[in-house]
Amino acid sequence: MAITLHQNGAKGERRKLPHTTLQRLLSWGLPVPCSRFLQRQPRTFPGAAFLLGASSGGLLAMGLFQLLVNPMDIYEGQKMVALYGMVGLGAVGWGTSPHIRCASLLLVPKMLGKEGRLFVLGYALAAIYEGPVANLRYNLNEVVVSLGCTVELQVNNTRAAWRVSTAPLRAVFKDLLGSKDSLRAGTQNISKSFEELDAQVKSDAGFVPEDASGSDPTARRGPSQGAFPPRRRALSTQKMYELKTKLRCSYVVDQAIASCRRWFDRKHQQCLQRIWVPLLRDLLCLPMKFKFFCSIAKAMEVWCRHRIPVEGNFGQTYDSLNQSVHDLDGDFSATIELKEEKRAALVGADTSWEHVSTELRGYVRQQEARLQWALGLLHVLFSCTFLLVLHACFSYMDSYNRDIRFDNIYISTYFCQIDERRKQLGKRTLLPLRKAEEKTVIFPWSPSVQASEMRNLVRELVETVPVLLLLLLLCGLDWALYSMFDTIRHHSFLQYSFRSSHKLEVKVGGRSMLARLLRKTIGALNTSSETVMESNNMPCLPQPLSLDAWAYVRAALPIGLLLCLCLLQAFAYRLRRVIAAFYFPKREKQRVLFLYNELLRKRAAFTQLRRAAILRQAREQKAPRPRLTDVLHRRCPLARRWLRRRCVVCQAPETPAAYVCPTPDCAAVYCRPCWDDVRRRCPACTPREELSSSAYSDSNDDATYAE
């Protein structure tokens, strides 16, 4: 049976609006004129309504300007244009249109919902940046500065140690420059002594035989006599000396072979002279003709080619010495040149410590600038999301007036009044609702989160988890880095102590020319010095900064507010219907009547509408439970509370008063209220045509919770 609206009374008499809880509160808390003004009929008191609406809209626009536009980094002129525009639109809208007033008030529950969490998320990210992220950046900068300071300290200490250690050497060279006249006379004697070595290196003796008669005159000539081709005459001293040595070695081998052959010939002649028996003489003297054994000495030529006893740097040393000896004839002078050679670990990479420190500082500043830019952009985007919030408010209001099923799941005061009136008339009522019906509606005055709201609440809490994990990760990383840097600061103190004590005394005996030269040169090393240099790395140690408890609390407060908004969203969203019902009371009455009629039709066809879900639950109950579940159910009394079967209608746990279907292969469990609701007939095992029928059997267009 559907409920319809009727209008009784004389012509022109106005029907009273539903007496809702909000109307009661307004009548109780406000003076009578104010209460009548707020509950007035449309198009009454137009002047007062426009003035009050315009002033309220202007104040609301100014508050939104301070909250959204003023923190933005834009020009002051642009801010003033935005302020005048927002105040003008707010005043005109609030003064003329109830729809704009309704949408504006809907901002309150929307800001307490997921739209408001976007703003809180922006503040949460800003708090995280100003807390753990800023402290991380500061500590990393401290490490970079400490690294650069340490490198500079090492360089300074090395430079000072080098200067101290080379001071005696510089003093020696100064003494040598002072005694250049005596050194020149000594070097002339050295030049004369070097002539013997020079003649020996340039000599061709050793591979040109003195008795070369009977042989090719060019076969054994030395390098200076045309024994080598013209292309080999430009060889270096090292190559030339090695070639001469090889020729000398080959000549020695040839001489050895020739000497061996002569020895065999001599022994053969002696053997023939000693043994006079003809045949026996030939047999016994035959081994003396084995001169081919002498060719074994040719194996030494391999050694001559590959293992000649000439040092690899002989030629270079000789040339340097020869040049030095010739240079000694000139003026004696000396200069000290220090050359710093930098070697990179990678080819083409400059890995000096100063370059690394500069690069690291620049990289940190670049990342910091990018993060600042991203945060500014994020703040602007969060400010612009207010337009989305305003659009959501108008969308809710339009859907409320256009779609009668939209967010029509509240058991309001007027709903209870209708049910009470029907009860007094002896008609079929709905309250109290059945357990299965309670999951599809919301009781606005209930202090608990209900089933329709719980799904939204869980999803919003899950969406908050990444931000919470980010906060925990950054706080943990900040604490770990601070602990590490603080440990380094306390246990990395170094005291540099450089002590240099130099005392050298060289005594050269003898009266030879070399002894006199050494006394003039090495004798200059007779110096002594003592230097003490001390420093430490205390100025270069990192000075990390730790966040106090209040800083962590400031970073965690927005996250806590996000979690609170997730919990408050269920209760704040109930205000949307209240606000819309206040501005559109006739529409609210139509919606409540529709919801009541809808629930009446669903209850009439309750069994058929729930039959598919009941069959599914019954099949799950008939399925054999895992062996572990049965063991826990039998032997663990504490676990039975969670392992009990549930009602196939409302999913309530099985109790001793529950009804179990006696039909074989069914055994569906029903709680007593649900068993009464299905009229004591099991829908799981009763044919569909035997169940009670109803004209209403389509539940695809049920009212749902508006997110």
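Yeah, the Cβs are placed from backbone N, Cα and C, and that goes for glycine too.
Because TrEMBL annotations are produced automatically, they should be read as predictions rather than curated entries.
Copied over from TrEMBL, here are the features:
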TRANSMEM  48-69  transmembrane segment
TRANSMEM  81-100  transmembrane segment
REGION    209-231  region 'Disordered'
TRANSMEM  373-397  transmembrane segment
DOMAIN    406-596  domain 'Dendritic cell-specific transmembrane protein-like'
TRANSMEM  461-482  transmembrane segment
TRANSMEM  551-573  transmembrane segment
DOMAIN    645-687  domain 'E3 ubiquitin-protein ligase DCST1-like C-terminal'
Worksheet item: Excluding the flanking five residues on each side, which residues at least 6 beyond the ends of the domain 'E3 ubiquitin-protein ligase DCST1-like C-terminal' (645-687) place their CB within less than 8 Å of a CB in that stretch?
Response: 434-436, 439, 606-607, 610-611, 613-615, 617-618, 621-622
Worksheet item: Against which stretches of its own chain does the transmembrane segment (461-482) lie, if we need a Cβ under 8 Å and a gap of at least six residues from its ends?
Response: 117, 121, 124-125, 128, 131-133, 135-136, 139-140, 544-547, 552, 555-556, 559, 562-563, 566
Fill in: Tally of residues which DSSP labels helix, strand or coil - the domain 'E3 ubiquitin-protein ligase DCST1-like C-terminal' (645-687)
6 helix, 6 strand, 31 coil
Worksheet entry | Local confidence of the prediction over the domain 'E3 ubiquitin-protein ligase DCST1-like C-terminal' (645-687), expressed as mean pLDDT | 80
